[in-house]
Amino acid sequence: MVAYSTPSSSLHKPSPYNESRRMARFRPSNILGDPFALATISISILAWVIAFISSIVSAINARGYPTYSWWGVAYSLCIILGMTAVFGTDTGSVYGVAIVGYLSAGMVITTLGVNSLVYRSDSASQAAGAGFILMSMVIVIWIFYFGSTPQASHRGFIDSFALQKEHPGAYGNGRPMSTAFGNRPETTSSQAPQMYTSAQLNGFETSSPVSGYPGGAPGSENRSSSQPRFGNPSNANLTANGNENEVPQPTEYPYRAKAIYSYDANPEDANEISFTKHEILEVSDVSGRWWQARKSNGDTGIAPSNYLILL
């Protein structure tokens, strides 16, 4: 029988969403300090109350009330509670795709409720249909907001009024986050590469080295390689003798970026920096996977681009 040992961390792909593994804390100030969140949630609650009370009155006084509309009332309540949690925990950028999916289903349900109620003769059913119409309008606004990237101009304009969110300097000139996985600045290390025996690899060894990954297989924990991983090393990193030096620190940081997740620097790599969620960093170059950044306290280093959003 094959004995399974504890999986090595080098065999697992690191997740860029470490922040999402911890339950986000609900803060009422995220809603009270955001006019968009406060207004849309308040209007949706008002719309739901109108639809709910009118549905009760219509079901009591009139015959043939469409039972399907009760599912629309229940689903609308779930949407309101879910959106309140999203705004309160400020996790819209994390669950944006799921939010749009649930809102799209709610749009269909409320629209069917409008079609089955607004054309009835009794005033209570018409009032319930009006509540569903108002709820549908709020859902359309939410879909347009969460269905857009954080770099969208209209979303930056809306977020600029919130007290708990950073205000982009020029929301009309928002730039999308770079998806080009270019060269990471190379670092030097005096440590020898870690070697594994056949027993430690436990069947994962190969007869030839992995092509295209000098210095080890992809996912290796040793991130301080003396050989370039992608392409040729920059001439700025080479001395006259051909030896590789530390990455020179830039003097200008023309870009500003906001951290959408917290990041803890690798203790084995002195060139990385740690930062917290919503922290603003100054960035010198945005062309690669790792950006040279500077914090407000003057600390400089490299930061993963998928943790940052350009302002």
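Placement of Cβ uses the backbone N, Cα and C atoms for every residue, glycine included.
For 1-35 (among others), the entry in Swiss-Prot reads topological domain 'Cytoplasmic', with the evidence type sequence analysis.
As annotated by Swiss-Prot, transmembrane segment applies to 36-56 (among others).
Per Swiss-Prot, the feature topological domain 'Extracellular' maps to 57-67 (among others). Remote same-chain partners of the topological domain 'Extracellular' (57-67), defined as residues 6 or more beyond its termini with a Cβ less than 8 Å from a stretch Cβ, comprise 113, 116-117, 120, 122, 124-125, 127-128.
According to Swiss-Prot, the transmembrane segment annotation covers 68-88 (among others), on the basis of sequence analysis.
Annotation comment: Swiss-Prot describes 89-93 (among others) as topological domain 'Cytoplasmic'. Across the topological domain 'Cytoplasmic' (89-93), mean pLDDT in this model comes to 89.
The transmembrane segment annotation in Swiss-Prot covers 94-114 (among others).
Positions annotated as topological domain 'Extracellular' by Swiss-Prot, on the basis of sequence analysis: 115-126 (among others).
According to Swiss-Prot, the transmembrane segment annotation covers 127-147 (among others).
Under the heading topological domain 'Cytoplasmic', Swiss-Prot lists 148-311 (among others), citing sequence analysis as support.
What Swiss-Prot lists as region 'Disordered' is 172-191 (among others).
The region 'Disordered' annotation in Swiss-Prot covers 207-251 (among others).
Per Swiss-Prot, compositional bias 'Polar residues' is recorded for 221-248.
Look at Swiss-Prot and you will find 252-311 tagged as domain 'SH3', backed by sequence analysis.
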Legend entry - Which of 68-88, 94-114, 127-147 contacts the transmembrane segment (36-56) most, counting Cβ pairs under 8 Å: 127-147
Legend entry - Tally of residues which DSSP labels helix, strand or coil - the topological domain 'Cytoplasmic' (89-93): 1 helix, 0 strand, 4 coil
Legend entry - Number of helical, extended and coil residues in the topological domain 'Extracellular' (57-67), per DSSP: 5 helix, 0 strand, 6 coil
Legend entry - Positions whose Cβ lies under 8 angstroms from the topological domain 'Extracellular' (115-126), at least six residues beyond its ends: 54-55, 57-58, 61-62, 65-66, 68-69, 132-133
